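**Q** Sending over a structure as structure tokens; questions will come in a sec.
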Amino acid sequence: MSVISIVPLASNSCLYKSLMSSTHELKALCRPIATLGMCRRGKSVMASMSTSLTTAVSDDGVQRRIGHHHSNLWDDNFIQSLSSPYGASSYAESAKKLIGEVKEIFNSLSMAAGGLMSPVDDLLQHLSMVDNVERLGIDRHFQTEIKVSLDYVYSYWSEKGIGSGRDIVCTDLNTTALGFRILRLHGYTVFPDVFEHFKDQMGRIACSANHTERQISSILNLFRASLIAFPGEKVMEEAEIFSATYLKEALQTIPVSSLSQEMQYVLDYRWHSNLPRLETRTYIDILGETTINQMQDVNIQKLLELAKLEFNIFHSIQQNELKCISRWWKESGSPELTFIRHRHIEFYTLASGIDMEPKHSAFRLSFVKMCHLITVLDDIYDTFGTMDELRLFTSAVKRWDRSEIECLPEYMKGVYIILYETVNEMAREARKSQGRDTLNYARLALEEYIGAYLKEAEWISMGYLPTFEEYFKNGKVSSGHRIATLQPILTLDIPFPHHILQEIDFPSKFNELACSILRLRGDTRCYQADRDRGEKASCISCYMKDNPGSTEEDALNHINGMIEDTIKQLNWELLRPDNNVPISSKKHSFDISRAFHHLYRYRDGYTVSSNETKNLVVRTVLEPLPM
């Protein structure tokens, strides 16, 4: 049993960094606060722990449970040393010039009806152009042009799909599948019945046994389309099974190429665990090796040039924001909390992986800080805190008064101050964007979240295993999705009036589904480690309790089925044609769900961030692209 060692804490060393940048720029506003961190009688409590142990004894004789996790991977000195030349105005001017040139390419496509574009492939060229700018992460510059292109394509859409060009009578699987996916994602009404027309007499998608590049392209786009299925769309389920099988078999026979790399990426990341910036980084490499799209090389090169430049310009922004986050983490006293998982850099990678808009610094930084606080609370309630301490902390959060720290144990005082100041500062930032006070709204969400944590701590303390229904109802709240999303999205320059917020946040179906996916997927990746730490309750164990005789494999199959069904429901809530809430208002919440799904794709990449998650940080945040 390891013993908590006592390390002196220098006087006034715990400083509180301003928790926010403004919406449009980073500001280094610092405010000192006293004795922040995990402090006991003027000293910092440092837990010395081995990954093979589950308990530790503190200096006051309290036996505490500890987690199995590695320390922070990213040294602050390293982060502060990062630099990039791409913040210079000359690069922004070059990007502006390229944006104008790409708009000219779009404009040439819009003249198709006038005969300047070939009537045999103009529809495919419109779709390929939109697909490319979106996957390259530069679509924010061309929203008007994208709408013109999609309106044009949609004007030729039929119940049998479309051909590659406006004068082509026979519909084409490749163009139809690509069009279906892009049109649905942009809110156009399209039905999956179009794919029935590509089946043979046996009810299967008609294709030859040969793995030609053209046929693979068609099946690849069919697979991508199948991933945005709505509930009850059987033809989409069939298309996903068929196309996934076809692509996996094709990968075994075709040589390694840009095509095979694209296939592997789409199979690996699909849609609900795909991070836009990772896709951009990967697709730039793929296009650079000549991809399977139908555009002319001159256009590809122009798009690539802009995409690389934009990637590196944002890379310079990432470095500045990383420095801000790392300073905040260090000066908040968080390093003294050695019993928690320090994943602030990993969370920033997720935030910048789903939002590459330069002016959205406040969103990215808010998301990271809230996720860090969620981690602190998770590790206190799950492992380190005693029941008496947790009840005191829960009561203090409900009263929401800085003076409440006087009733808390020393190590909790700093945590409470960070939480209190962060939530209040985010509310002030949200007021700038939304024009109203949202603090009480955020506090209610936080109280609900803390209450769910306390209930789980009580279950652990009692050794109680709830029913699946009881566990899942509470687990959707304790997943943290709502609390990680709410305040960050309110800092955006997107209006969230009360009626729209209620369609995204609690008690909306959209919020429930996003929380459900995180709870279900998280449990499938964490239940064994949680069980080893003494936490009985998980979706897996509760399912097995409700279904005597069932195995872990049975439970996992059931949970994975629930996840697939829930993803389809979330697709519907985001993209439903009768939606009164714009897709843009729901997109950040939806993308946060994708980011968390990505984190748990193979394992608990949150607790164990030294493998795939570390590679993600390097590939999308630390490394610039060669120009």
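In case you wondered, yes, glycine gets a Cβ from its N, Cα and C as well.
According to Swiss-Prot:
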TRANSIT   1-46  transit peptide
BINDING   ASP378, ASP382  Mg(2+) 2 binding site
BINDING   ASP378, ASP382  Mg(2+) 1 binding site
MOTIF     378-382  motif 'DDXXD motif'
BINDING   ASP530  Mg(2+) 3 binding site
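Let's see these features in context: how buried, what's close, how far.
**A** Spatially close to ASP378 (Mg(2+) 2 binding site) yet at least six residues away along the chain are TYR453, GLY480, judged by Cβ distances under 8 angstroms.
With DSSP classes pooled into helix, strand and coil, the tally for the motif 'DDXXD motif' (378-382) is 5 helix, 0 strand, 0 coil.
Cβ neighbour count for ASP530 (Mg(2+) 3 binding site) (all protein chains, 10 Å cutoff from its Cβ): 21.
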**Q** Cβ under 8 Å to the motif 'DDXXD motif' (378-382), counting only same-chain residues 6 or more beyond its ends: which ones?
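**A** Result: 65, 67, 339-341, 390, 393, 412, 415, 453-454, 456-457, 460, 480, 533, 535.
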**Q** Using all protein chains in view, find how many other C-beta atoms are within 10 Å of the C-beta of ASP382 (Mg(2+) 2 binding site).
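**A** Other Cβ atoms within 10 Å of ASP382 (Mg(2+) 2 binding site): 19.
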**Q** Where ASP382 (Mg(2+) 2 binding site) and ASP530 (Mg(2+) 3 binding site) are concerned, what is their Cα separation in Å, rounded?
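**A** Pair distance, Cα basis, whole Å: 9 Å.
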